[in-house]
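The following features are taken from TrEMBL:
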- 27-49: transmembrane segment (TRANSMEM)
- 82-104: transmembrane segment (TRANSMEM)
- 110-128: transmembrane segment (TRANSMEM)
- 133-153: transmembrane segment (TRANSMEM)
- 179-201: transmembrane segment (TRANSMEM)
- 213-246: transmembrane segment (TRANSMEM)
- 266-285: transmembrane segment (TRANSMEM)
- 361-384: transmembrane segment (TRANSMEM)
- 390-423: transmembrane segment (TRANSMEM)
Amino acid sequence: FQNVGRNERIIDADQTFSPELRHWRDVFWLAIFIIHLIVLGVLLAIFGLNRFKTADRLNIDRYTEGFWENNNGLTETYWPKYAVAGGVGTGLGCIWLLLLGSRANQMMKVSVHILTTYLAVISVLCFWCEQFFWGVAFATGAALQFLYVIAVIDRLPFTMLVLQKAVKLVWSLPEVTRVAYAFMAVMLLWMGIWSFGAAGVVASSRGDLGRWWLLVVLSVSLFWTGAVLCNTVHVIVSGLVFLVLLHGGRNASSMPPNSLMKSLRYAVTTSFGSICYGSLFTAAIRTLRGFRSKIGNNECLLCCVDFLFQLVETLVRFFNKYAYVQIAVYGKGFNRSARDAWELFQSTGVEALVAYDCSGAVLLMGTILGGLITGTCAGVWTWITWRDRVIMVGSTAMLMGMVLVGLAMVVVESAVTSIYICYAEDPSLIRRWDPQFFNQMSETLHQRLQHRSARAREVLTQNQLDSHMQDTFHL
């Protein structure tokens, strides 16, 4: 292990959660997020109230004539469907947290294997309802999911090992689940307002693209808000997990007092701007990076999209989930945290281990499955009463479910990221916590670095051979 150029870094425990290093970061993005919430809250109230109990209560339909087909739909017609979505999403998230210690591994395995089947079933239902576009979309998703699982099947044992250890770590800190419950309650309150406005939009017109575009804008806003809350939990949990690993346990005498409250306070004050900034980009970049991995070994497709994803890989250097650990522990701004985390992985070789691990994808599968179940429940009820609105309500309800389930999943992802950061900073922290797991990580890292070296030699040899053949041809 020491022969692969691994440099151990000793962490200064006095710098963690140091008040002197806690300055307000990325304040501009904090202001943008708050202004966005205020403006959106006003718009949601207007959209919902305009159709609540009386059609066009606020008399704003006159401003939409010519590009908006107005009818007599009411907000309360669709709002209960979103209430079901919120209830189902919250229930699934709570079940996940309750079963975190005893059945988490089984749940993650089920998520990996059942998602393909669920996507295929929804595709069939869409074709049956004559929604051909969505039927093709879900069928394509099922095919890509199946191909992805086949492509990474050899990586799943190590991934499940990392997730198992992360769950073990989180289970020893029951307070982090309480944090997740609290943020789920906050998100549910915001979803009550959001769904009120969304129900008003759904009721406002019939067969109009303007309604769809407006729902897309509202969905992007909900996605950003959900990502901010998820990443706030990420910062809180990863900060606490990092300290537990650093000090050798939560009951260690050197453990700072009130660590959870300090992490919470910093996350919602000085570091909140960095969270808002990073939340705009990290999810989209990770989604694009995940799509590249689904291509597998298809050289033709890889050549076609390689240039685009080279750009994506560059962006990953600046927008990665490991930045939040640096934000939590050291109070850095997002850009510096992302750069430092990436350089740390590059300089120590741990980037090869991170690239091999699929824990983020497995947790994302669970989140998507939770969203699909939520969207299905709301969609079935809508299909019974208003068949022409089923896709609209079902798709937005699915997003609500994904956000709520994601808030539960993020506690495990936070532990995973903290484990990798600690392993890169100082491997002895992991060795002290779990010697057997440390040996397994070290062995896997050594294998991945050897694999990369072999691939590099193959590419170099092939390039030299191609160059020699070209020279011979010209002669």
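Just so you know, glycine gets a Cβ as well, placed from its N, Cα and C.
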Self-check item: Sequence-remote partners of the transmembrane segment (110-128) [C-beta within less than 8 Å, at least six residues beyond its ends]
Solution: 134-139, 141-142, 145-146, 149, 156, 362, 365-366, 368-369, 372-373, 376, 391
Quiz item: What else in the chain is close to the transmembrane segment (27-49), if you only count residues 6 or more beyond its ends and a Cβ gap under 8 Å?
Solution: 57-58, 60, 75, 79, 193-194, 196-201, 204, 218, 221, 224-225, 228, 272-274, 276-277, 280
Quiz item: Same chain, outside the transmembrane segment (133-153) by at least 6, Cβ under 8 Å from its Cβ: which residues?
Solution: 112-113, 115-117, 119-120, 122-124, 126-127, 159, 293-294, 296-297, 358, 361, 365, 391
Quiz item: Restricting to the same chain and to residues at least six past its boundaries, which positions have a Cβ under 8 Å from a Cβ of the transmembrane segment (390-423)?
Solution: 78, 81-82, 84-86, 88-90, 92-94, 96-97, 100, 104, 126, 129, 131, 134, 162-163, 165-167, 169-170, 176-177, 179-180, 183-184, 187-188, 191, 195, 198, 202, 211-212, 215, 218-219, 222-223, 225-226, 229-231, 233-234, 237-238, 241-242, 245-246, 321-322, 324-326, 341, 344-345, 350, 353-354, 357, 359-360, 363, 366-368, 370-379, 382-383, 429-430, 441
Quiz item: Do the transmembrane segment (213-246) and the transmembrane segment (179-201) share at least 3 Cβ pairs under 8 Å, sequence separation 6 or more?
Solution: yes
